[in-house]
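Q: My questions will all concern the structure given below.
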Amino acid sequence: MLAERGDGLPPVTSCEGLGVPVYFYLEIVWFTTVITAAVLFYYATYLSNSIYGGFITILFFFFNHNECTRVQWTPPLRETFAYPMLLFQMYSVTMAIRKYTKHDTAKEPASLRNRTRQGLFMDIFGSTICSLCTWQFSHFVFTTQIVAILILKWLRIVPYEFYKNFCMAHALAIAAATKITNGTLIICSLYTCIIISSNVASFIMKLSRFQNIKREIILEIAITITFTKWIKSYVLYSQDDAHVFNILKSKLTNYRDFHTMLYTCSAEFNFLQYKTYEAIIKTLLLPTAILVGMLALYYWYRNFKTSNYPFCIEADMAYNGLQTGAFIIMAIFIMRLKLFMTPHLCIIAGAVCSKRYLEKIGLKSEFMRLAIVILLLGGMSYHGIDRFQEERGFIGEYSNIEQEELFEWIKSNTPKHAVFAGKMSLMANLMLSTRRPIVNNPYYESKEMRDRTMKVYEIFSRKDAASVYTSLRNMKVSYVVLEEPWCLGFANIPQGCQMIDLWDMTDNGTAKAVDKQPLCPLLFKGNAYPFRRAFVNNNYVVLQLDYSHYVEFKPKTSMPLHYQF
């Protein structure tokens with residue numbers, strides 16, 4: 001049925017169901033979140049060898065839901081589809097590690113006893129491909145995983161055979177994902193370089209046959225680091241992921257450039273906020289995870305008295321400890337990455353009721369285990385239930401009439417082949433809603449896209465209109481969309497982060513020193529020449545670039561004449 005909205009707005013179809021594209025999309029998104037919760041439960045149950053661990057992890061997850069995911073606020077994110085696969089991949093790696101390091105098959109969990117090593121590596125291979133294809137950031141996560149497994153290999157906690165097969169699964173996944181995505185980002189990444197260099201180092205060590213194990217490990221580490229640097233710098237050199245290293249550099253030093261400022265001026269890419277620490281402490285998530293770490297270390301220490309190194313250490317738990325540590329470091333520097341840290345803390349915290357740990361500290365009866373679980377549930381629920389109800393209490397609706405007017409005008413008044421440029425996030429929405437081609441989008445992992453975006457964003461600088469116009473024409477742009485907050489400096493962002501501030505930083509204040517005025521406010525409200533103002537509403541202005549056509553006649557007896565149409 002059609003619903004009239006008034007105020008001159010066109011009627012909209014009012015119905016719900018999978019037949020409506022937006023509802024179909026959202027249902028798929030919600031289904032992926034269900035998969036995430038299910039994998040978390042199985043992961044924690046497996047790691048703790050107790051169903052209590054699974055329930056505790058799920059409760060921690062929902063009590064800290066706002067710190068675990070952004071899907072409830074922004075469903076159309078690439079991480080929404082990739083994270084369940086990433087989580088399942090790490091779960092499969094954990095099972096494979098236990099399969100390779102547990103020598104007594106009778107003590108294996110039933111879920112692992114019936115799985116072959118080949119089957120587990122097929123799971124790793126498949127989930128790695130899915131993650132790499134759905135989210136370009138996945139390969140950075142896998143880089144931390146490779147490093148964690150490498151550390152365990154260097155410490156002789158996992159065997160070389162496991163690492164060799166593990167790298168083979170990753171290498172095949174990289175090849176498949178590169179073929180599917182038709183891109184070089186993954187193949188030229190640090191992730192690929194470490195896989196190659198670490199296996200070269202292992203091969204060299206096998207040929208050398210060192211008698212001193214410590215020297216062999218040190219040399220292997222040195223070869224791995226040196227080869228990684230050499231391959232990344234000279235063999236698989238690429239600028240596509242350079243911005244990520246520049247962001248890390250900006251966190252540790254005073255380094256700044258245009259691209260890093262676009263990231264670090266956003267709250268999601270700032271340091272982890274105090275309220276996150278407060279939340280995971282009040283719900284007892286962080287204290288419980290720390291307690292599990294202490295219990296695991298004590299358990300390994302007690303095992304060391306009866307078992308030789310490295311058999312006293314649980315390799316699967318050690319891997320998850322290293323992986324969680326990597327995620328904590330990532331989240332501290334970039335707040336958005338807490339979506340990795342918090343769920344993994346939940347998984348680790350679930351092991352607090354593990355029978356093997358409690359028995360080592362004298363709590364051997366089932367009654368004592370149950371009492372600890374109930375006590376923990378009571379403590380975590382004191383603030384956790386309030387946080388859960390607070391999040392459930394958010395009720396609202398989204399409305400952006402100005403953007404809708406813009407898109408309706410574009411669909412009605414511009415050719416289907418007209419090319420648009422503007423703010424990255426707006427361009428992605430514009431292409432999806434109007435099916436018009438765009439010159440820049442939020443895929444900032446591509447150097448070409450970063451360069452294109454910087455040229456488009458010259459319209460927010462102090463450059464003259466003619467040079468910006470020429471630059472846009474060279475990219476075949478037909479229309480430029482300006483947004484009032486960004487153009488006039490009203491955006492709700494930290495001081496020094498307006499677009500004009502970024503350009504002043506880029507040219508070291510040269511244009512500002514000679515009193516050049518910002519271009520965008522002039523185009524938005526004043527004389528837009530050589531652009532033509534084609535559309536205006538309360539929030540947006542569309543500037544049209546005039547593509548004149550020339551025909552040249554060359555008579556034999558006179559000067560050439562030029563006619564402009």
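Each residue, glycine too, has its Cβ placed from N, Cα and C.
Because TrEMBL annotations are produced automatically, they should be read as predictions rather than curated entries.
Straight from TrEMBL, here's the annotation block:
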type	residues	note
TRANSMEM	22-43	transmembrane segment
TRANSMEM	50-66	transmembrane segment
TRANSMEM	81-98	transmembrane segment
TRANSMEM	119-152	transmembrane segment
TRANSMEM	184-205	transmembrane segment
TRANSMEM	279-301	transmembrane segment
TRANSMEM	326-354	transmembrane segment
TRANSMEM	366-385	transmembrane segment
Q: Are the transmembrane segment (119-152) and the transmembrane segment (279-301) close enough that 3 or more Cβ pairs fall under 8 Å, when only pairs 6 or more apart in sequence count?
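A: Contact criterion not met.
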Q: So are the transmembrane segment (81-98) and the transmembrane segment (22-43) touching or not, going by 3+ C-beta pairs under 8 A with a sequence gap of 6 or more?
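A: Stretch pair touches.
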Q: Between the transmembrane segment (366-385) and the transmembrane segment (50-66), are there at least three Cβ pairs closer than 8 Å, leaving out pairs fewer than 6 positions apart?
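A: When sequence-distant Cβ pairs are counted, the transmembrane segment (50-66) touches the transmembrane segment (366-385), since at least 3 lie under 8 Å.
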Q: Using a Cβ distance cut-off of under 8 Å, indicate which of 22-43, 184-205, 326-354 has the most pairs with the transmembrane segment (50-66).
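A: It is 326-354, which has the most Cβ pairs under 8 Å.
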